[in-house]
């Protein structure tokens with residue numbers, strides 16, 4: 001019984017270590033809280049930010065169009 005308990009404990013610890021390592025990789029992935037949108041006069045797909053005034057910084061947006069009360073922001 002002690003050997004089985006020890007083996008389960010080792011497997012549990014290994015699973016926690018590998019899960020934590022996988023979560024560390026996920027932290028560096030970019031994540032936007034925006035929906036896709038389209039505006040006439042702007043090529044391609046933009047990001048629709050709901051109930052927001054200007055385009056948020058840090059995402060590299062170069063142009064936008066307003067769809068009141070939302071904004072559609074376009075990357076370069």
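Just so it is clear, glycine is given a Cβ too, placed from its N, Cα and C backbone atoms.
Per Swiss-Prot, the features are:
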type	residues	note
DISULFID	37-72	disulfide bond
DISULFID	39-65	disulfide bond
SIGNAL	1-19	signal peptide
Measuring Cα to Cα, how many angstrom lie between residue 39 (disulfide bond) and residue 72 (disulfide bond)?
8
Taking every protein chain shown into account, which of the disulfide-bonded residues 37, 39, 65, 72 has the largest tally of Cβ atoms within 10 Å of its Cβ?
72
At the Cα level, what's the spacing in Å between residue 65 (disulfide bond) and residue 72 (disulfide bond), rounded?
5
Where residue 65 (disulfide bond) falls in three-state DSSP terms:
strand
